Amino acid sequence: MHQGVITFSRNVFLPLTTVCQNHCGYCSFWTPIQKGCIMGREQVIETLRLGAGAGCTEALFTFGERPEMVPGFSEHLAAIGYSSILDYCYDLCKEALRFGILPHTNAGVLSTGEMERLREVNASMGLMLETTADVPAHQGSIGKSPAERLSMIARAGKLRIPFTTGILLGIGETTRDREESLEAIADLQREYGHIQEVIVQNFCPKEGTPMADVTPITTETFCETVRMARAILPEEVAVQVAPNLADAGVLVGCGANDLGGISPVTIDYVNPEHPWPAIDRLTEVAGDAVLRERLCIYPQYITQGWYPPSMEPLIRSLSIKIQERSL
């Protein structure tokens, strides 16, 4: 990423289900199985249509990890004609491409075979590391094993999948834990070269969760961690912060250079109490830096051809579109 440039992606957020095998102490995204626990195809299509009309270039597909492991969920899947949430996601990624929007899927820990299949219809993928530490917030969350998550990130590297990961601050980890987490990500990047951005995200307490009364990190600690990330991560890896969760203008001054996906159409379903800033206000966050729109696949991976050949016309077309919007 060029110095003095702050980037963002224009996206739509599509939470296909909030059912999850994990029960993290800080999460309000999780819900029990109930009617409507799967986002219907019609709603997805309508959201994609609105996103395309608003100039969105990224469809963020996310959902609870391994929801089929939760008793009763498979019946809801069967009712819409599927036996696997990943099969459903695959088909909806194809719909996104049909609307001219590039899919980016974050589905939790996946096997090599599952990633190989999803990469056919995704321009990039992601998985938050969160932390390498064993923290109480992850008790009862089988999918939050740091070793399992690091292993998946490595497998994505072997498959040459442009990848997003990140750390979560304020869930019981120490400063040294943050450093170790960033060092682990940096090591994977040096080995495989596939990590395009690392999210440094602050935990925001949610009412009704076990960690509702936990004090969030201070702006000073957040800024120190962003500086740490910039110092530890290879230069080509963007440091991303969410402008709806913190004072991103301050964090840009500490070394952050990406604002992540911002949607003119959908809310942040993980943090619904924190609305996105309007895209035309992002220049205020960027300050003296140049604000530049990007795709969910970063330019260096486009140059290297790290995408399915079938996506090339769309990637080229969208690259031109965002360049024209920046003029």
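Note that Cβ sites are derived from N, Cα and C of the backbone, with glycine treated the same way.
The [4Fe-4S] cluster binding site annotation in Swiss-Prot covers Cys20, Cys24, Cys27, and the record cites sequence analysis as its basis. What Swiss-Prot lists as domain 'Radical SAM core' is 6-244.
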Model confidence over the domain 'Radical SAM core' (6-244), averaged pLDDT: 93
Spatial neighbours, same chain, of Cys27 ([4Fe-4S] cluster binding site) - Cβ under 8 Å, 6+ residues apart: Cys20, Lys206, Thr209
Cys20 ([4Fe-4S] cluster binding site) in three-state DSSP notation: coil
